[in-house]
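See structure below.
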């Protein structure tokens, strides 16, 4: 089919007598030039917006409102201090950090063996199990919101960091299992077979051969979980009620809502935004390539 | 577990010659020490310790609540007290509720209108990016908004569009003395749509680019030799070879657009009374407000009914998309 279609341009050549460049380089057109220009403009605006946001976090509210385009006169951490102390961001940052790290580590630790099994044993049961896990990818969080709240309320796990961690682990299972299964499948079997020949047990081959080989994929899965748990808002907003349990996004929402009564504290707000965004920026700069690869690879199929 | 003897790896020879299948497997099991099958047999025993924890957590914390949602949606329930079975009444009720209809309509707008805009832009960007200098830099920058909580964009929009804010100060020198009221209740949702297009396009561009980059360069060389125009190259090479990636993106957007909540919740700092104006609600917001806003008696039945309908919307669209996008996969 593709071959037939590829032939079509040949007939086009007879008609079009314009110079056919044998090489691919050197094709220039006005539209393309505009496109390239626009893209660079987008890049410039994105970076400028990020820099601008960070810069505003160091200015006080009055200065920000007077001249939103200004740059900070000095490095003033007042906004951060105020957000940290008044806005409950200190506790919230700690809660977010704890929840993100604990739930991401556990998610990967629980999903990895499962993905390994599903990728290595191929029978009816594992095929239907894989399908069962994939099912969860299509269920939006608002569906499970209310039943989850009711269930956790019965066992006193609402308004609790432990409960939130459990929920994050459960909700992350489909994606992580899916991603890691694809990753384990891509690993060569030969080393495992050789180890098995040498008398390593099945668990041993997983623990001592496959896991070290899969370090990259597991790290990718872990980082992807860190990002999604750090940013998760709807479940946290529903399950947490008391201020000292808030995670960062929930604290930010409550900070925004307080301002409608107490007047806008844009300085503090910008400081809060920076606290939400900066860790992601650090991770992205540090492990960016791995991330884009993991996300796009995991999406294949 | 008995099917285990037909393990494909143990029976590699068997696959080539179907008649010899039985003897081979019998010999293997008789010897019992053949490494391939012994490790496979051992591995199978790991089912419970390996798959068990993930299965239990996922079932209890995801599948059971999902089924529970269907169950609750058939009841009239205020969260505490007795549940009253009302059948499909909740669904009938929300369909007569203008608030739900507008919320669901907004979700559909996000799904189709914003989706279409994102796809057209992302594809155009991919085509430009394909062979431009510095494409890695551009790609890395436009991907980053995907990692930022949508709350951030919602809050920033409040600052940028506020009456004395940046947009108006930019417009003033251009002679716009009477700028539109950006954050009026009716204008918020269109603004949300624009914001979402701006912040999401980069992510889908990255995915599409991963597909386009897979196309081997000799196809383009062939095009150049054959004198194909840019449009012909797009029509006969790039589109057919990235069709499956488009399908994946469409499914991804379907799933993620129905979940959109955070950005609506804080957009423009609009949540004066803790709840955004009803004109900008999505189905997810409708669910949350009806159950947890604390403004009226929680209506868990109607709230879950709305959520279950969103799930139904996703399922139908994903099935349709998979069917529509199913083409002969082009091998290359």
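Cβ coordinates come from backbone N, Cα and C, glycine included.
Annotations in TrEMBL come from automatic prediction, not curation.
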Annotated range (TrEMBL: transmembrane segment) out of A:205-227, A:228-250: A:205-227
Folded-back contacts onto the transmembrane segment (A:34-55), same chain, C-beta under 8 angstroms, at least six residues removed: 71-72, 270, 273-274, 277-278, 281
Which of A:130-150, A:162-184, A:205-227 contacts the transmembrane segment (A:97-118) most, counting Cβ pairs under 8 Å: A:162-184
